[in-house]
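All remarks here apply to the structure that follows.
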């Protein structure tokens, strides 16, 4: 669709409410004001007046706000009509606006898209609007606001600027090879490159934490039947989310609970006990359990402490460990400490964390919560933090890889042309985050996930 049309959409959620808002953006916004209000309101002042139909009858009365472009959210002329929040009233107002020439309903996210296209905000800031609306915790909301205010974008621009300066030196070394000082071999370019790589690593670490805050950490509870997996799910969730009995194989399907630990979102998944299936239903449940394990960020390997004194995972269940995806982090949870009399606490066993607790009594659960936070590098103090999406992490990873390859070309062969190309590609990958180098297809996918009125 054309981005020069005048668009309209309801900016408040559907349903009944005290206030309902229509947002209009585009060259025809002033025509809407003249038609419904009889005048053009004073810019950026609230004006209380009737909203009229084509015959001059009052449809509603409320507040009109007029923002002439380019000093508006979208960079275009914008009119907001704030009336009563009844569905019928809003529908009448919407039909009235759409009856005027050149008006159409906005696509999802089109207001934010126009703001991006008119350089009112970059792509990372536009995405932060949707993240702010979807925030599931106070910390996520604060980090989304930081992103909206440019915290993430500023870090990216600093990296791009540093790469620009570095490219200048490299291009100079290529263009003037006969100069007395060889910039490629005197160590200065390598030192600058190392500095950029260190800064990029810092941003990547913050972005991973921002992604964790946005997406949540997927933790799968796995183990043999009757190890206490469902009891642990209930203890972490703080409610009876799963049925708990002494009958082996009670849990036959995947159970999911979404919880927060000091603002960190976690997706806790209880799975069927892993063993040789006794019937088709149990076989399907075990297959689903392994599917969840393979997609997990961390596995809590539940062990019934009354059945073994072993603490080494490979000794407890070698077949289970052999099937786990490579490098998938696991935490061994020795359950039923209230029965075995084991001392509660956490230790390290051959690179794996081991926690002794009682899911039934709740003893040791707080220790597990702290461990889950620490294992993902999460801190409750993220005042300057920002949210990040998977595409951001991918772009940062691509940029880092290009810098690694560029350094290899510099150190091994002083290949200036190849280094310059890797620097350019790294810069392009970073610019995709803010939207300076982004395909139209990607823009369409990003903004289509927004609300209609945003």
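Glycine too: its Cβ is placed from the backbone N, Cα and C atoms.
Some features that Swiss-Prot has for this protein:
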type: BINDING; residues: 23, 80, 120, 454; note: (6S)-5-formyl-5,6,7,8-tetrahydrofolate binding site
type: BINDING; residues: 226, 245, 247, 250; note: K(+) binding site
type: BINDING; residues: 226-231, 245-251, 270-273, 335-338, 358-360; note: GTP binding site
type: BINDING; residues: 230, 251; note: Mg(2+) binding site
type: DOMAIN; residues: 216-377; note: domain 'TrmE-type G'
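Figure note: comparing Cβ neighbours within 10 Å for the binding-site residues 120, 229, 336, the maximum is reached by 229. When secondary structure is read from DSSP and collapsed to three states, residue 80 ((6S)-5-formyl-5,6,7,8-tetrahydrofolate binding site) falls in the strand class. Reduced to three states, the DSSP call for residue 23 ((6S)-5-formyl-5,6,7,8-tetrahydrofolate binding site) is strand.
Under DSSP, residue 229 (GTP binding site) is assigned to a helix (H, G or I) in the three-state scheme. Cα proximity to residue 272 (GTP binding site) (within 10 Å) is found for none of the binding-site residues 23, 80, 120.
Here the CA atom of residue 230 (Mg(2+) binding site) lies 48 Å from the CA atom of residue 23 ((6S)-5-formyl-5,6,7,8-tetrahydrofolate binding site). For the domain 'TrmE-type G' (216-377), the model's average pLDDT works out to 83. If you measure from the Cα atom of residue 226 (K(+) binding site) to that of residue 336 (GTP binding site), you get 11 Å. A distance of 13 Å separates the Cα atom of residue 336 (GTP binding site) from that of residue 230 (Mg(2+) binding site). Comparing the Cα of residue 358 (GTP binding site) with the Cα of every entry in 80, 120, 230, these being the binding-site residues, the smallest distance points to 230. Residue 230 (Mg(2+) binding site) counts 24 other C-beta atoms within 10 Å of its own C-beta, drawing on all protein chains shown. Residue density at residue 80 ((6S)-5-formyl-5,6,7,8-tetrahydrofolate binding site): 21 other Cβ atoms are found within 10 A of its Cβ, drawing on all protein chains shown.
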